[in-house]
Amino acid sequence: MSAEDQYKRLQKDKKSLEDEWNTYHEKISFMRKALAIETDVTTKFKLETQLKEEDKKIKEITESLESIEKQLKLLLSQSKELHPIFLENKQINYELENSIKFNLFKNIIQTNHSRLRVLAGPGTGKTFSLIRRVARLIQDGICPSRILVCTFTRTAANDLKNEIYKLGVQGADTVYAGTLHGFCFSLLSKSIVLKLTGRVPRTLLKFEEKFLLEDIQNANFGGLRGCQKRLQAFNAAWARLYTEDPGWPTDSIDREFHQILKDWLYFHKAMLVGEVVPETLRYLRDNPASDERRAFDHILVDEYQDLNHAEQVLIELLAEAGTLTIIGDEDQSIYSFKYAYPEGITTFGNRHSNIQDERLQDCHRCPRIVIDMANYLISQNKNRMPRKIIPVNNSIAGEVYVVQWGSIEQEAEGIARFINKKVTNGDIKPGRILVLAPRRQFGYAIRDALTNINIQAYSFFSEEELDGNPKNILECQAQQAFTLLTLLTNPEDYVALRCWCGFGNNSLRKNIWNQFRIYCQQNSISLKEAQAQLLSGTFRIPRSEDFINRLKELETKLASLKNLRGLDLVDALFPGSEEWAEPFRSIASSIEDTDFDACKLREALWIKVAQPELPVDVDYVRIMSLHKSKGLTADLVVVIGCIEGLIPCISDNLSEHEKNISLEEQRRLFYVATTRSKRILVFSSVTQLPRKDAHKMRVPVITGNNTHANTIASQFLAETGPLKPNPVSGENFLRITESI
C-alpha cells in the first residue's frame with residue numbers, strides 16, 4: 001500500500017473514532033450532570049456503574065486515536081510525497097479559486113515575497129486570506145510542520161486551528177497554530193532551558209500576583225502602582241520604547257526591581273506568564289546554533305500590532321532564514337499596558353528592505369451605518385495612517401441605538417427586556433448576542449437580569465471565579481479554597497503557602513513572611529522544614545501568633561481532606577450552600593472520571609479559570625469586557641456603561657502627552673467594540689452610580705449627593721459622527737424598539 005493510501009485510510013479511521021468519541025463524551029457529560037443532582041442512592045449507584053463502563057470505553061477509543069496520531073506523524077516524517085497531497089482536492093482548489101477572484105486576496109495568497117505586510121481593517125477578511133495562504137504553501141510542497149502561524153489570543157488561535165483543519169489538506173494539522181506565549185512555553189518546556197536555569201514553570205494567578213507585589217514593593221519603586229508598571233515592563237523584557245533593545249534594564253531603579261523580583265520568583269519556584277517570551281528570546285539569542293532558530297521556513301503573524309517590541313524581535317529572530325508575513329491594523333492596538341507597539345507594523349518597512357505591501361479595506365462584516373460611525377470615531381486619532389474601512393456592495397443598512405438610563409439597575413433590566421424581545425420573537429438567537437462592559441459590575445447586573453427572565457447568559461471576565469479581596473478573610477473564600485486545593489496536591493507549593501499565610505491581613509503578613517523566607521535562605525532549608533521548626537518552637541518570629549495559627553489551621557484542613565476524592569472532595573472545598581462555590585462545582589461536574597483525585601480537580605479548575613477559551617459557537621448571551629471581544633462578532637452588540645471616567649478612563653497621574661496616548665488607545669478600544677456588530681449596535685449609559693460603586697470602579701466623582709454620584713455619557717459617542725442617532729431615554733428606547 002502506498003504512503004498516500006495508508007494516510008487516507010488512517011485519516012478515515014481517525015474520523016470514525018472521533019465521531020464515536022464525541023458520542024460517548026456527550027453521553028458521559030449528561031450522566032455526570034444527572035449524577036451531580038441525583039439524591040436517590042440506588043439510582044446514583046446505577047449511574048456510577050454505568051459511568052465506569054462508559055469511561056472504560058472512551059479510554060479505549062482515546063488510546064486508539066493516540067495510536068493513529070503516532071502513525072500519521074510517522075508517515076509524514078518519512079514521506080515527502082505526502083506534503084502536497086489533498087484529501088479533497090477539488091474542494092480545496094475550488095475554495096482557492098473562489099478566493100482568487102478578489103485581487104487583493106490573490107496577491108496575499110500567491111506571493112513568494114520573503115517579507116509581506118498586510119494592513120487589514122476589521123471584518124476585511126484577513127483570517128480568510130491568511131488561512132488560504134497556508135493552504136497554498138502546503139499545496140506548493142512546503143512541509144506543514146515547518147509553518148508557524150501565530151496570533152494574540154487563545155480564542156483567535158483556536159479559530160485559526162479550526163479553519164486550518166477545515167482546509168482538508170493532508171498534514172494541515174501539523175501546522176503550528178497558536179499564541180506566541182503558547183509557542184514559547186512549549187519551546188522552553190521541551191528544551192533544557194528551565195532545568196539548567198533552575199526555573200520552575202509554575203505560573204502565578206492574578207490574585208497570587210497581589211502577594212508578590214505586596215512583598216517586593218518599596219518607596220523606590222513608586223508604591224504598588226509603580227511596582228505594577230515595572231512588572232509589565234519586566235514582562236516586555238524592559239523594552240518600553242521601540243528604541244530600547246529588549247533584554248536587560250538600563251535604569252538603576254529598574255535593575256534593582258528586576259533583581260528583587262527575580263529573587264522572589266526563584267525562591268518561590270515560580271514564573272510569571274509574561275516571562276516566557278523574554279526567556280525564549282534570551283535562549284534563542286544566546287544559542288544561535290540551536291535547532292529552534294531554524295525550525296520554521298514560513299512564519300505568519302496575525303494581530304501584529306498587539307505584540308510588544310520583545311515579541312516582535314523574537315518573531316524576526318525565528319524568521320531570519322525564512323519568510324515572514326505580518327497582518328494587522330494599528331487602529332485595533334489595545335494593549336499598551338503590556339507595552340504593545342502598534343507602530344511596529346507601520347515601521348516594518350524601515351527594518352526590512354523590499355517588502356510587499358497589501359491592504360484589505362472592504363468590510364464584509366459591519367452594516368453601513370456602523371462602518372461610517374467607526375470611521376468617524378477613529379479619524380479623531382492623530383497618530384495613525386489615514387485609512388478607512390469601506391462597506392461592500394451588499395452591506396445592510398444596520399440599526400444603531402444610543403440610550404441612557406437612570407441607574408445600573410435600570411440599564412440592566414431595560415437591556416435585558418430589549419434582548420428578551422429580540423430572542424422571543426425569533427429575530428436573534430442568544431448565541432449571536434454580545435454584551436460588552438467596561439467594568440464587571442455592569443456585566444454582572446445584565447447577566448443577573450437576563451437570568452431572572454430565563455435568558456441564559458454567562459460572563460467572561462478575567463479569573464472572575466477567583467475575585468475577592470485577599471486582605472479580608474470573608475471576601476476571599478474562593479481564593480482560599482483554591483489555594484488549599486493547590487497545597488493538597490503539592491504541600492511544597494511555595495506560592496500557595498505564601499498566599500495561605502497572608503489571607504485576612506491588611507499587609508498580607510508581608511513582614512513575617514519575609515522573615516520566614518530569610519530564615520530559610522540563611523539556613524539553606526526548605527519552607528517545610530522552617531514551618532516544622534516554627535510550629536515546634538525551635539524557631540521564633542516576634543508577634544507571629546496569627547501566622548502560626550494559619551499554619552496550624554492548614555495542617556488540620558489538609559489532614560481532613562487527604563483521603564477525599566470525587567464529589568466528596570468538591571463538597572468539602574466548594575460547599576453547595578455557598579454562592580461563590582457554584583462556578584467551581586460546575587467545572588468539577590464536567591470531569592469525566594467521577595473518582596477524580598485532588599490533582600485532577602485542580603487541573604480542571606486551573607484550565608477553566610486561568611486559561612479559559614472564550615466560546616464561539618454557543619446558545620447563550622455572552623457578557624465580557626471590551627478587550628475580550630477582540631476577534632468576536634455578533635448580530636447584536638450592546639456596549640453598556642458608556643460613561644466618562646470609564647469609557648475613556650484617564651488617570652490624573654499622567655502627563656498631558658501620556659493622557660493623549662491613553663485617550664487614543666481607549667478610542668481604539670471603543671472602535672474595536674463598535675466593529676463587532678453585524679446587524680444591530682446599542683450604546684448604553686447611566687446618569688448615576690452609587691458612590692461606593694464609583695469608588696470601587698475608580699470613576700472620578702465631581703457632583704452628586706451623599707449616596708450617589710452623577711455621571712455623563714462618554715465623549716466617544718459624540719465622536720461617532722453625523723449619522724449617530726439622537727440619544728433617547730431608556731423608557732423611549734423600549735417604547736420604540738417594542739413597537740417595531
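Cβ from N, Cα, C; glycine included.
Residue environment of Gly123 (ATP binding site) contains 24 other Cβ atoms, counted within 10 Å of its Cβ in all protein chains. The ATP binding site annotation in TrEMBL covers Ala120, Gly121, Pro122, Gly123, Thr124, Gly125, Lys126, Thr127.
Residues or ranges marked as coiled coil in TrEMBL: 7-78.
Taken from TrEMBL, the feature domain 'UvrD-like helicase ATP-binding' applies to 99-367. The average pLDDT computed for the domain 'UvrD-like helicase ATP-binding' (99-367) is 86.
Here TrEMBL flags 368-631 as domain 'UvrD-like helicase C-terminal'.
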Any further residue of that chain within 8 Å (Cβ to the Cβ centroid of Ala120, Gly121, Pro122, Gly123, Thr124, Gly125, Lys126, Thr127) of the recorded ATP site:
Asp329, Leu360, Cys363, His364, Arg365
In sequence order, what residues of the same chain, 6+ apart, have a Cβ less than 8 Å from the Cβ of Thr124 (ATP binding site)?
Leu360, Gln361, Asp362, Cys363, His364, Ile389
Tell me which residues of the chain lie with their Cβ under 8 angstroms from that of Gly121 (ATP binding site), as long as they are six or more apart in sequence?
Asp329, Asp331, Leu360, Gln361, Cys363, Arg387, Lys388, Ile389
Neighbourhood of Pro122 (ATP binding site), C-beta criterion under 8 angstroms, separation at least six
Asp329, Gln332, Cys363, Arg365, Cys366, Ala374, Ile389, Tyr671, Val672, Thr675
Using all protein chains in view, find how many other C-beta atoms are within 10 Å of the C-beta of Thr127 (ATP binding site).
17
